[in-house]
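Everything below concerns the one structure shown next.
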Amino acid sequence: MIEYRSIRVALLGAGSVGSQVARLLLEHGDELTARIGARIELVGIAVRDVDAKRDADLPRELFTTDAPRLILGADIVIELMGGIEPARTLVLQAIASGADVVTGNKALLAAHGAELFAAAEQVGAQLSYEAAVAGAIPIIRPLRESLAGDRIERILGIVNGTTNYILDRMDTTGASLEDALATATELGYAEADPTADIGGYDAAQKATILASLAFHTSVPVESVHREGITGVTAAQVESARRAGYVVKLLAICERLADPESGEAGISVRVYPALVPREHPLAAVRGANNAVFVEASAAGPLMFYGAGAGGVPTASAVLGDLVAIARRHVVGGPGTSESTHADLAVLPIGRITTSYSITLEVSDEPGVLAAIAHVFADHGVSVETMQQTVAESGTATLVIGTHQATEQALADTVATLADTPVVVSVASVLRVEGAV
Ligand SMILES: NC(=O)c1ccc[n+]([C@@H]2O[C@H](COP(=O)([O-])OP(=O)(O)OC[C@H]3O[C@@H](n4cnc5c(N)ncnc54)[C@H](O)[C@@H]3O)[C@@H](O)[C@H]2O)c1
Ligand SMILES: N[C@@H](CCO)C(=O)O
Ligand code: NA
């Protein structure tokens, strides 16, 4: 019989994801041993309350409330507690004590990634985080390894399941945002406090992580332009549907030249946008996630699947664990994060996009000309214009623009709002992923 060496694993947190990681480790131990060439020994699980009800039946003797002590002597620490503290201190402590770390904590990485990666690099430790972006979907490893020889041009991600569920429900049933959110809460997709999801904060954290990796640049979460879905109305979704679009909350990471200096830069932004129905992202339904990557040589690629859920997310955690454990068997330092490109993150005003603008206008002679003037004055070219006349003496104009800078489009919208024939600017949405 082969005598396998033991790799000591400490788990921090046994909630939705942690409890499934522990269960799978215990249930599939022999198979993992054969794949790794070493035995994974789960030495303990740190939790807040040893007697709390869990999603999986786990041996009580594994539980402890003393996380700092559990870390000592571990070869690999899996952090699945969430939040910033004490997760940050514990991860730093694990790295300092010579352990490698697996985490699913996007909030921690978005806020303190640079510090944690630097600490890991200093001692040759590995910090892996596949679960932190788009749950079970392999996206971190493909960006870091499979596409390491390519050049990423753009990433369009649906990386928040809760908001995708809400927008999909609005699209398919005509529900209001409030009603769709209530259903998402009932079904357990949305948290009791849904701010992080519907405000776009969760997606912004994931965008930071994706952009840093894709563009070899440390991207602070504060530099991400963020708009949530709270302003999306049933009327906008319906009008998008009639025009052949679907509204999606997108995390966009894009390589582009600064229009002012001409220097290479990147844009990282999160907002609800119109996506053409023919685009692969339009087919991402319910609470699923997808990351659409455009690479220079590979062309377009889409990674699709379950972006959340205890069991699927545990798969991503175990993948990282097995990769690290295999390295323990053969030896050598971990892979450090590369930030050599150090590209500037451009402010939202410098990016180029196109808009769909819906205006309520008076239905009288000269209105179209007046509106066309506003666009021309700001150097924004109109691509399409559709008019519907209401009985009340007003008309609805849906105007699609060609690509223009955000600043020019924002100035156009501001001037339109002050134009006497414009009764109201009913909706302004960007269009992304033109096919
Ligand atoms: N749930 C998902 O679908 C999902 C998907 C992707 C990533 N993630 C990430 O994975 C991590 C874990 O998520 P979750 O849904 O399992 O969370 P959870 O709230 O269900 O579980 C957290 C666990 O950590 C423990 N814990 C929290 N603070 C602690 C402390 N101070 N000391 C000791 N134990 C503590 C809790 O007792 C609990 O066991 C988070 O960072 C989350 O963002 C979750
Ligand atoms: N709240 C997140 C969970 C996964 O990070 C979502 O809705 O996608
Ligand atoms: Na993932």
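Glycine is no exception: its Cβ is also placed from the backbone N, Cα and C atoms.
According to TrEMBL, the active site, proton donor annotation covers LYS206. Under DSSP, LYS206 (active site, proton donor) is assigned to a helix (H, G or I) in the three-state scheme. Taking a C-beta cut-off of under 8 Å and a sequence gap of six or more, LYS206 (active site, proton donor) has these contacts in its own chain: LYS106, ALA110, ALA132, VAL133, ALA134, GLY157, VAL159, ASN160, ALA251.
Residues annotated as NADP(+) binding site in TrEMBL: LEU12, GLY13, ALA14, GLY15, SER16, VAL17, GLY18, SER19. The C-beta environment of VAL17 (NADP(+) binding site), restricted to residues of the same chain at least 6 apart in sequence and closer than 8 Å, consists of LEU80, GLY104, ALA131, GLY310, THR313, ALA314, VAL317. DSSP assigns VAL17 (NADP(+) binding site) to a helical segment in the three-state reduction.
Within 10 Å of the Cβ of LYS106 (NADPH binding site) there are 26 other Cβ atoms, across all protein chains. Positions annotated as NADPH binding site by TrEMBL: LYS106.
Residues or ranges marked as L-homoserine binding site in TrEMBL: GLU191. Applying an 8 A CB threshold to same-chain residues 6+ apart, the list for GLU191 (L-homoserine binding site) reads THR162, ASP197.
Residues or ranges marked as domain 'ACT' in TrEMBL: 356-430. Break the domain 'ACT' (356-430) down by DSSP state and the numbers are 23 helix, 34 strand, 18 coil.
By neighbour count, meaning other C-beta atoms within 10 Å, the densest spot among the binding-site residues GLY15, GLY18 is GLY18. Of the chain residues outside the NADP(+) site list LEU12, GLY13, ALA14, GLY15, SER16, VAL17, GLY18, SER19, LEU11, GLN20, VAL21, ALA22, VAL47, LEU80, MET81, GLY310 have their Cβ within 8 Å of the site's Cβ mean position. For SER16 (NADP(+) binding site), the count of additional Cβ atoms within 10 Å of its Cβ stands at 17 [all protein chains shown]. When the recorded positions ALA14, VAL17, SER19, GLU191, LYS206 are checked against ligand 1, ALA14, VAL17 have a Cβ within less than 6 Å of one of its atoms.
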